[in-house]
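*Asks:* Dropping a structure here in structure tokens format, bear with me for questions.
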Amino acid sequence: MNATDLESPLRLRRAPVATPVVFTVLGIAAVAYIVGPIIALGLRVPWGRFVEIAARAETREMLIITLAAAAQATVIAVALGVGLAVWLHNLRRGASIVRLLVYVPLAMPPVVAGLALTAAFGRRGLLAPILDALGIQFAFDFSGVVLAHIFVALPFVVVAVDTALRQIDGEILASARGIGLTQWQILGKITAPMTAPAILTGAALAFARSLGEFGTTITFAGSMPGITRTMPLGIYLEREVSTENAYVLSAILIALAIVSLAVAGLPTLVRKTPRQRARELGCLDSARLRELTAPDSAAAVTVSHGDHTTVFPAGTISAIIGENGAGKTTLMNIIAGRVRADVTVDAGGGRVVMLTQRPGLPPTTTALGAVAMVVGREKAAQMLDAAGLADVADARVPTLSGGQAAQVALVRALAARPAVLILDEPLAAVDVASAARWRRFLHATAHDRTTLMVTHNALDVAGLSSFAAVLEGGQVVTAGPTDTLLRTPPTPFVAGLAGLGMLRVTVTSTDEVVCAGTRLRVDTDGLPEGAAALATFRPTAANIVDSDDGLAGKVIAVTATTLADATASVDLGAGVVDVPIDAATADALTPGMNVRCHIPASELKVYAAAS
């Protein structure tokens, strides 16, 4: 394959997956069970008299009533069903109970459903006084047929649309709200296009169910010729008089049902998988993109919880650091207004936009369309061009690579001109060269906005941020200038980011500390006797020794770094130290082995532990 071969899009197909024989046999048997009776019925239809029976006035009359009732019932069911599904999607409590109630008409025997409608809307029903006052009668009237059909068809629409809504990535909707789209704009630009196939499927299934409705209709609306007698009712009556007529009417009804079911399957049949092709990214024009996306002002962010308050300075990049599960993303979600908690957040009234590792781009549009939702197509095109993404502007979102989608999402977030921009590791999927360009842009525009950046990357912390907050157990344990925190790390995690080892010590005098029961002679920087302190050192200064000199510890793990070198993680009681070792030493060490670790006193830097 040469370079020119890659210019044409590759046709990608999913690799086949073998199905166990038992399921293949069961599947074929199930299809045969469904299709067999229909074929048998087709063989019994008197096709020679089909036109004659179909052209009868009674047949045309029943067909018109059936189609009219099904059409009206479907329109109303779609309106009610979509509304109910959207309400369910946003319902926080009781959604499961409401969903169970939606299934009740499907589980209820049709005759019982008819009796229930009679009890509610009949001439002596619960709502009869109100209906009489309004001059409305459902029982034994065509409107009663429509009402009965809505009752049995509505769940099909609700289930289809609700399922589609639940499959929408929550990040897509949260991102849309963050960039400033109103609820109606989200429904029109994102939710509706994404659920349109489900709405069509639900409507087609509701129409098909309405065509075949029998029990509920005859119980509630009766079987009055020319008024409430639908095709299913006519088939039931004809089988007592003429089996041939019943078979012909059944064939007509089956044909209508197949057509409606085919419509239900149209979204799947016509859906095409977008083809991916190689796209070349251009250079990022920082000055131009900065001009296009600069906000009016930056705002300080104040977060208060109980007696503790953290202020993230305006016009700076603040690094949010901590171990996995420390609560970094949760805190960012609270600041962005995505979740509620017993925390007070003041962002100065400015717009807060959060960008996570999931781009949150709507899959029904292009890269250009996603950005245009914020600023219009003309400015969106200019921004993508300035970001070096002009070549992906017309690409459908599903065809974007993870890195391309992340960069488009970043442009989209910047397009909203937020006073506060929250970045939760958004460049994790971006290639090294592109990530470097974006880091340079963020560094150059640091004073334009307030940026809160969740990261585990030491280079991001040291090179981009001027302020940092350290989280543990969901709480900000310390915050301050980045260079100060890296110089005197408050936690082992921060020490690791700074490339340092850390031990907990207690000051015993001006030139001595105790570490895990071992006394070490070291400058204590004037700390008072008995003070809890921390001591940092370069990991390369630590050595595993055979003598009794040094700190006693236990090997936790041995990790190979290259073919010739490895690292031994040793628990010294006052902290875990990663000691560089050679291959020979690595072979001699096993987890759980007791060892001695020597750290030169001259390498230790002692400072007060954070209170």
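Every residue gets a Cβ built from N, Cα and C, even glycine.
I grabbed these lines from TrEMBL:
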DOMAIN    63-267  domain 'ABC transmembrane type-1'
DOMAIN    287-498  domain 'ABC transporter'
TRANSMEM  21-43  transmembrane segment
TRANSMEM  63-88  transmembrane segment
TRANSMEM  100-122  transmembrane segment
TRANSMEM  142-165  transmembrane segment
TRANSMEM  246-270  transmembrane segment
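Mind mapping these onto the model and telling me what they sit next to?
*Replies:* Same-chain residues lying 6 or more positions outside the transmembrane segment (63-88) and placing a CB less than 8 Å from one of its CB atoms are 95, 98-99, 102, 142, 145-146, 149-150, 153-158, 160-162, 165, 187, 191, 199, 202-203, 206-207, 210-211, 226-232, 252-253, 256.
Sequence-distant contacts of the transmembrane segment (100-122), counting only residues of its own chain at least 6 positions beyond either end whose CB sits under 8 Å from a CB of the stretch, comprise 84, 128, 131, 138-139, 144, 147-148, 151-152, 154-155, 158-159, 162, 213-220.
Within the same chain, residues 65, 68-70, 72-74, 76-78, 80-82, 84-86, 88-89, 99, 102-103, 105-106, 110, 113-114, 117, 121, 136, 191, 194-195, 197-199, 201-203, 205-207, 209-210, 213, 216-217, 220-222, 227-228, 230 sit at least 6 positions outside the transmembrane segment (142-165) and bring their C-beta atoms closer than 8 Å to a C-beta of that stretch.
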